[in-house]
Amino acid sequence: MAIILATIPFGLAWQQRLDLAWLFRLRGALTPPSDVVIVAMDKESADALDLPTNPTEWPRALHARLIDTLTASGAQLIAFDVNFAGRRDDAEDRLAFADAMSRSRRVLLLEQLEHRQKVVATGDAQSGLSLEERRLPLPMFAEAALGTAPFPLPRWPSRVDRFWTFLDRYGESPTLPVFAVQLAAGNVVEALPNLETDRPRDLPETSHTPVVESLPSPAVARAQALRIQLQGSSVDSMLRNGSEKPNLQALLHLFAGPDARYLNFYGPAGTIRTISYHRLITEDREALISLAGKYVFVGYDELQGPSKVDTFDTVFAGRNGVEMSGVEIAATAFANLRADQTLKRPDLIVAVAVILGLAIIGAVLICCMPVAVGVPATVAFGLSYLVLACLIFAHHNLWLPLAVPLVIELPLVVVFGVLAQYLRARRRREAMQHVVGYYVPKEVVHEMADHAVNPLAVRETTYAVCLALDAENFTSLSEALPPEEMATFLNDYLAAIDEPLARHDVDFKEFHADSVMCAWMSSDIDVVVRARACQAALDVIDAVAAFNTKRSVRLGVRLGLHAGLVFLGNVGAGGQFSFRILGDIVNTASRVEGLNKYVGTRLLASEEVVADVEGLLTRPLGQFRLKGKKAALGIVEIIADARHAGDEQLLLCQRFTAALDAFRAGHRRQAAALFTDVLQGFPDDGPARFYLDRCRGQWGGDTASRDTDPVILLDKK
């Protein structure tokens, strides 16, 4: 299956997408060539030069100034990845641009390829015809430039991994990077006196430059001539002490290689040195000095914003979210071709041999060793192959298959190998059981074979945040509904509660009719776990509210939170056990939940739960000694997520806290007045009503009580 996937078009495309993403990520960014520079037509330049944001509207006279500046600075080549097909500016600007190119004698222009649909009548029916139109620069620009060439980019389905070197549909016309490489290597071609070729039929006619005259002719003829001379001793002796042989070798591979090449990206967008357009127009001395001997590509390149003008998804785009501009891809292709560093993919036969060899080695490892050794050995083998493939990719630009062997093949080898080991062990166990069964009872044999474990041995004491939930008015509701309808309603209610619990990764849930006890576990006190439990409780309230909007019968919910050490394990006897959570923390969480009934709230928690938890709007409700407890417990109400809290909620917390402070200080009369003030603004506030009743009960009419104990004793659940 792996071999089939590695040979069909879909599998090849899927493998390409994953392989290159992994290889480039593991290899990381490279140092880009120092002699390749991008001049960015970006928003920064538009702002600095007071130009339109759209670079296509910039005056061509400004481009003429740029060409003069680059030429004076010693740039070797100037390639524009810009469309100059329209007559949008005045004749003077166009003439200035053409004159600058004529003076420079080193400018290349882009030919734009446009796709459009045309409806064609065929009999009684109509069909769509896809047409490709080649839009050349204005004739005066094409004549003034050193040449023009297209640069279309293939995408599958959206990411750019390759580029074309020659376009067969246009008579083996070279693309812009290839044209640039040919011109950059003009001195190499001139060094070959025996190279006999006609004028290139795939290069545009120009009116000047002996460099163009010396370029090789058709792609095949040039490749053959260069190959013959490179293999000859005359070329070796000619270039033995020179530095041009690598350039000649790169030209040979360029002309003799395939028409589509894989890009060897140096890194994410902006890796190749980029200079803003305006710095050269304003003659930034530092930028100008560094351009001597450089190959300059000019085009749209916006690294600081979300611009989608001439940008493409690449293997590096996912890291910072910035897509790569077409001009940087063109510069990358040029640098790759010039240094002969485009990625090489092995032939299909070699790739199949690699995949088959990996499968055989993996099968030997997993099948000839115990599972405990074979599985780690196979994994280690896969990792070793990954490291080897990355090293070969980094040092030789050779791309070995990764996705199919590591994602499909070796995992399947492990699965089937372990399955084979299991079936073999099972047959051995059955044979052993059959033989031993002659001597001992079958029940004992099965126990020995299955290694039965004592259920009571499964137990653990751990830190947990417990959340107790109870439905409001469940008793009256159960009286009003038939049993089957009540069961259906309750199941839907519990399902609504369970969704936010599961979303916040609850570790334990225990359902008892209309109540739920759940917990989030941690090996130690953890504020993250407590925050998760608090947020889950708030979401449960929202879920119940949403549930009630869809029902004619409504059921509320009360929640209580507490944290500490709990026991988790099997409890039972007589062969029947249940997995339970036990401990004082569990009971206290239930008591905190029950406190909601007396103070008129929905969600209460102990102070330990909300300590250091950020992002919550809470208010303290004081100290309570709950039924059956000796120690008082600080209780807080969790009102809302702080991000969504309203002004009224904030005001309520502020005014209630002031009243509670007075109550704690023993100023019952002042506290009563403050709680009364709270109720005037918030008549439905349960805690304020609760404390106001406490204050009035302790006054004894108009006389304040001497009892100033702020701890409230509750003798009911």
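The first residue you see is number 1, and the count goes up from there.
Cβ from N, Cα, C; glycine included.
Residues 2-3, 6-7, 374-375, 377-378, 381-382, 385, 400-401, 404-405, 409-410, 413-414, 417-418, 420-421 of the same chain lie 6+ residues outside the transmembrane segment (348-368) yet bring a C-beta within less than 8 angstroms of a C-beta in it. The transmembrane segment annotation in TrEMBL covers 348-368 (among others).
If you look up TrEMBL, you'll see 375-396 (among others) marked as transmembrane segment.
Summarising the annotation, TrEMBL assigns transmembrane segment to 402-423 (among others).
Remark: secondary structure over the domain 'Guanylate cyclase' (465-593) totals 61 helix, 44 strand, 24 coil, with classes taken from DSSP. Sequence annotations record features per position, and here TrEMBL assigns domain 'Guanylate cyclase' to 465-593.
The average per-residue pLDDT of the prediction over the domain 'Guanylate cyclase' (465-593) is 87, rounded to a whole number.
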